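Feature annotation from Swiss-Prot assigns disulfide bond to Cys24-Cys81, Cys62-Cys116, Cys82-Cys120, Cys104-Cys241, Cys107-Cys161, Cys178-Cys186, Cys231-Cys246, Cys243-Cys250, Cys438-Cys454, Cys889-Cys894, Cys935-Cys990, Cys936-Cys958 (among others). Residues or ranges marked as domain 'SSD' in Swiss-Prot (evidence: sequence analysis): 592-757. The feature N-linked glycosylation site is assigned by Swiss-Prot to Asn123, Asn132, Asn389, Asn479, Asn896, Asn939, with sequence analysis given as support. Swiss-Prot lists 294-325, 615-625, 679-736, 837-857, 1101-1105, 1154-1174, 1229-1254 with the feature topological domain 'Cytoplasmic', giving a curator's inference as the kind of evidence. Taken from Swiss-Prot, the feature transmembrane segment covers 273-293, 326-346, 594-614, 626-646, 658-678, 737-757, 816-836, 858-878, 1080-1100, 1106-1126, 1133-1153, 1208-1228 (among others).
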Amino acid sequence: MKVIFATIWLIAGAWSQSAEQLGCIWYGQSHMIGAHWVNKGDTNPARPLNSPTSEAIFAKRCPMLYKEYKGESGEDELSLCCDAAQIETMESGLSQADGVFSRCPTCTRNMALTVCAMTCAKNHTLFLTAYNDTNDAGVDYVKYIDYRLTDDTVSKIYNSCIGIQHTQTGRPAMDLGCGSYNAKTCNYRRWYEFMGDVSGDYVPFQINYKWSEDAEEGSNEIYLDLSPLKCGESYEDSYACACIDCEESCPLTDAPTGPDELWKIAGLYGVTFILALIIACALSFFIFWGAFGKTSAPSVCMPTLFGEFFYHGFRIWGTFCAKHPVIVLALCSWAIAGLSFGIRYMTITTDPVELWAGEESQTRIEKDYFDQHFGPFYRTNQMFVKAVNQTYFTHETSNGVLNFGPAFEYNFLKEVFELQDSIMKLGMADNEGLDKICYAPVLMAGETPTVDRCAIQSVYGYFQHDMDRFENSYVDSNNYTINYLNQLEDCLRVPMMEDCFGTFGGPIEPGIAVGGMPKVAVGEDPDYMLATGLVLTFLGRNYNDESKLEPNMKWEKLFVDFLRDYKSDRLDIAYMAERSIQDAIVELSEGEVSTVVISYVVMFVYVAIALGHIRSCRGFLRESRIMLAIGGIVIVLASVVCSLGFWGYLDVTTTMLAIEVIPFLVLAVGVDNIFIMVHTYQRLDHSKFKTTHEAIGEAIGQVGPSILQTAGSEMACFAIGCISDMPAVKTFAMYAAIAILLDFLLQITAFVALMAIDEKRYLDGRLDMLCCVKSGGKKINDEDGDGVDRPKEVGLLETLFKNFYSPFLLSKPVKVSVLLIFTVITCLSLMVTPSIEKGLDQEMSMPKNSHVVKYFRYMVDLLAMGAPVYWVLKPGLNYSEPLQQNLICGGVECNNNSLSVQLYTQAQYPEITSLARPASSWLDDYIDWLAISDCCKYNVTTGGFCSSNSKSEDCLPCERGFTENGLRPDAETFNKYIPYFLFDLPDAECAKAGRASYADAVIYTIDDVGMSTVQDSYFMQYSTTSTTSEEFYSQLREVRRISGEINAMFKENNVDAEIFAYCVFYIYYEQYLTIWGDAMFSLGMSLVAIFLVTLLITGLDITSTFIVLFMVICILINMLGMMWAWSINLNAISLVNLVVCVGIGVEFVAHIVRSFKRAEGTAQERARHSLNVTGSSVLSGITLTKFAGIVVLGFSNSQIFQVFYFRMYLGIVLIGAAHGLILLPVLLSLLGPPQKLARSSGAEPTASITITTN
């Protein structure tokens, strides 16, 4: 193939073409077609340009041609194939391109090469062929031309421009500049063919590009061949493109690596794996050594210093309360009444932010800062709509067969659009419509929004909410059907085309409007045409002042009610309004009342039956203790009410969840103490006591210390829970701690008094609940003080323990097996503990039947775009100073580590940083906007602002000044026109105008002379889709790392500025960044608290204390293993439950250890005795009571109840019982001392805690 290339900047003398070859194809302009001038056909040679203004434009836009034509001396006559008017038209066209591509000077200079050659080069006929026509005045004009270019030239120009970013949207500029193609589907030919297509709005006549690679063999046609520079290179007196727009200009930096990978063995955390293995091997060795060796077990002594102090104190106190029950009850009732009155001051919150984010947490501080300066994030009302018929289909076009997903089936789309029309009309009849509450960013200042101007993200916007346009269909000349699918193809591929803008004046993001496409790599755009569902988003204004939100709340309720009642055979809808989560929290609380009440009733019935010792149906009402059980439960609930009142006085906000769960928790704990006190009293040898109140005092003396130990441990653990920064958890812990304290105080006072009254009723032969009626049986009470002839009571459960369970458990083979099994299970639990996932599934916080649960599920399937991240830059910069501008901007001459460049660089690694696009930059767009002469306008009459598209004669271009290099506005210009930029709406001429994107992003003040000073501002950046807790907290961790690096850059440059990243979701996930550290601290502090409480209550008995501590640690480790096995995540709720586990674990251990300490005989005998007497009580009084109430929670409608209360509390009970009733007796039988340390008293030494059952 013979192709002749022409290089236009070779000096004219080097060309040997004839004069005819060097002629023009046009000169001057003939007339306008539409908004564009067309050129006169003219084949004469080039003519001199006699307009200094136009010559200056030509010199600026076409410097190479200018230098060539002016000669080396610069004095040659400038002869061109264009006149002054054509140069001005060329300038106008290039200015439009500047609005998109001006961020990269090399790109615009490269583009100008071919435009200048086409418009003015004096050798037109070498590479242009004109096709003329005659207008009505008989003047020849050029109708269209053939423009012959080499592929290499245009490819280089295209490559220099392909990386340019449109900073307002974070998209490539080529998305706006390649017609129906986006940056990924565009190429150099498609780009130039779009710029030559007369059917567009920007081309005055058709330009048919002829490509050198398509030239026929042997052709003598000449193709214009130029040498454009790469984007990283610069022309003389110009600049190379910046890093954001040109990868070649970016400095070499290390890619972010994310968090360090943990060392793992077999998928488990290596450190705990090896540690558990070592412990397992060591313990197994000692177990076998002890089992088969001849050495006897070590003798462990348990000395005490003041163990009797608590016994005597509680005995005296119990005796006093039993002797004066009326006074005690009166005083307690007054205290209860006084504290309960505080409930009237109690406040309950359902605000998710108030529930899950502490006021001093970093994300809460950042959220409050953002809300106060820029206003709170929009109120989002959103729908996900799936097609019931999930059938894919095709559509034939001139470009081939297109594949479409079920979301674009005609009847489905039509119904969705009709549904959207109905939603947009909600409330309009009552003047409470969407237009009253919606967010409308593209409005002139003072303009009142209409529904059409509301920001609604929906594919219906691609048809401008016009059903006729959607239904329009016809067959083109090639017999292809042109319908709504063609429009969808164009708009899904290039949403930045003006024909695809929504009625509100902005683009519809495909990633926000459609979903369910096949998965692609992170950072890649999916094939939107294969969507299986649609997303409709209605944005509402939000306010810090909640009183202004009433119209929003009304419309959102209309939205929810309408969609709840909407039925369709084609549409499967999930929806959520901004208010839905708060409504769901209220619904959750109200819905769980029945579950909680049933749980309480079950425990009450159990207590009422088990508390008495019923021997026959005839003596039921005498031997039952229903009234005592009711009194005990009332005391427990009174302690909860008093706790609510106590914190109400102190104005501590609480939640419905706390109000529902705390009574259950305190009831489970309090009922244990009821059993312990009653049955300890029943097991006494009453003949050794002169009066009933002395016997009761003795019972309280025996069990009081252990009750104090367990209550103190639980209260201390809840107090540790108050350290949590999460309000819902903190207030739960605070209320529970006081409730347990008050419950303890009321039980050792009021309940003791009730025991005395009930015992007097029993001894007098009166019936339970009918105390005025006496039974026909013998009266037991002995008024002469010679003792009370009441039989000792031994229950069935204790008998079973004594005759069967204890001998079996404490046999040598079983003890060895128990130790081995618990060693293996505990070590396995330790191995898997670090593998527990952090987080809280969003669905769990909602009722199962809530519409929000379905919304969360559909969000995982259909959401293709993440939430916006706002990089908030606090005051401290002088933006009018170029050196400080360079720290922020991303354009020419900006620092390579500037804020914008760093955010751009991080967005190149979305799989790590979760940043999907480069950030918008108001500063870059403002500088670009000022650089275009016709964008900034002012009114010469008023001196005020004029919009850039104003055609008024009173509106003239702003008087602007620039720095010496011409790149930046001077300080006066910069400060003067910031309000103009933020008031100006973008259009084709001034795409960088800032009102739509930045009206809320820049906070500024204006001084007396009209100069603006920027204070706070933000830079918005879209994130990748995040739906799990791990994705959200990983993103938060990364943006904090990035903001830290940017702040470090500010410090290096001695700038007192600070930046932070804000996203509306971060506030819920901050806890997971430190959850393991918080867990270790809280659990460690809880264990320390238990150690100190136990050491004190046991009279500084170090051995007993360590045994209790060791057992509680084992319970905790196995609880963590259960969490891993049962898929319970670690979060603030489960952490508090673990702290509760530590506290309640003491109950399963402390009573048995105390009983062992007081018993007589060898370690084996004492272990068997403590298991028979106290172990049976632990099973019936602690384990079964909690189990009865917990099982009911399994039927809860709340997943939080099911997972974090049913599963975890069930685990606490079962694991605690297993350790207390299986492992502990075995350990005590091996480690217990041979000597007797029991205290002698009037009571039977071995009498302890038991619950009798028949």
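Cβ coordinates come from backbone N, Cα and C, glycine included.
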Closest of Cys62, Cys107, Cys161, Cys243 to Asn896 (N-linked glycosylation site), Cα positions, disulfide-bonded residues only:
Cys243
The rounded CA-CA distance in Å from Cys116 (disulfide bond) to Cys82 (disulfide bond) is 10
If you count the C-beta atoms lying within 10 Å of each candidate's C-beta, which of the glycosylation sites Asn132, Asn389, Asn896, Asn939 ends up with the smallest number?
Asn389
Applying the under-8 angstroms CB criterion, which one of 594-614, 626-646, 737-757, 1080-1100 scores highest with the transmembrane segment (1106-1126)?
1080-1100
The transmembrane segment (1133-1153) and the transmembrane segment (737-757) contact flag, 3+ Cβ pairs under 8 angstroms
no
I'd like to know which of the recorded positions Cys24, Cys62, Cys241, Asn479 sit within 10 A of Cys82 (disulfide bond) at the Cα level.
Cys24
Can you name the disulfide-bonded residues among Cys81, Cys107, Cys120, Cys178, Cys894, Cys990 whose CA is within 10 A of the CA of Cys243 (disulfide bond)?
Cys894
What's the most sparsely packed of the disulfide-bonded residues Cys178, Cys454, Cys894, Cys958, counting other C-beta atoms within 10 A?
Cys958
Based on Cβ pairs under 8 Å, which of the stretches 626-646, 737-757, 858-878, 1208-1228 lies most in contact with the transmembrane segment (594-614)?
626-646
Cys82 (disulfide bond) CB neighbourhood, other CB atoms within 10 A
28
If you measure from the Cα of Cys104 (disulfide bond), which of the recorded positions Asn123, Cys250, Cys935, Cys936 is the nearest?
Cys250
Reported in the order helix, strand, coil, what are the DSSP residue counts of the topological domain 'Cytoplasmic' (1101-1105)?
4 helix, 0 strand, 1 coil
Most Cβ neighbours within 10 Å: which of the disulfide-bonded residues Cys81, Cys186 is it?
Cys81
Using only C-alpha positions, which one of Cys186, Asn479, Cys958 is spatially nearest Cys231 (disulfide bond)? These are the recorded positions in the record.
Cys186
Which one is it: of the disulfide-bonded residues Cys241, Cys246, which Cβ has the fewest other Cβ atoms within 10 Å in this structure?
Cys246
Check Cys186 (disulfide bond) against DSSP and tell me helix, strand or coil, would you?
coil
Which residues, given as numbers and ranges, are at least 6 beyond the ends of the topological domain 'Cytoplasmic' (837-857) yet have a Cβ under 8 Å from it?
382, 384, 560, 563-564, 574-576, 580-581, 584-585, 587-588, 591, 1028-1030, 1033, 1069, 1072, 1075-1076, 1127, 1129-1131, 1133, 1197-1200, 1203-1204
Close in space but at least six residues away in sequence, with Cβ under 8 Å from that of Cys62 (disulfide bond), the same-chain residues are Ala112, Cys116, Cys120
Those residues of the chain, 6+ apart, with a Cβ under 8 Å from that of Cys936 (disulfide bond):
Trp929, Leu930, Ser948, Pro957, Cys958, Arg960, Tyr977, Tyr980, Phe981, Asp984
Once near-sequence residues are set aside, which residues in the chain of Cys107 (disulfide bond), 6 or more away, have Cβ atoms under 8 Å from its Cβ?
Phe101, Ile157, Ser160, Cys161, Ile164, Cys231, Cys241, Asp245
Under DSSP, the topological domain 'Cytoplasmic' (679-736) has how many residues in helix, strand and coil?
48 helix, 0 strand, 10 coil
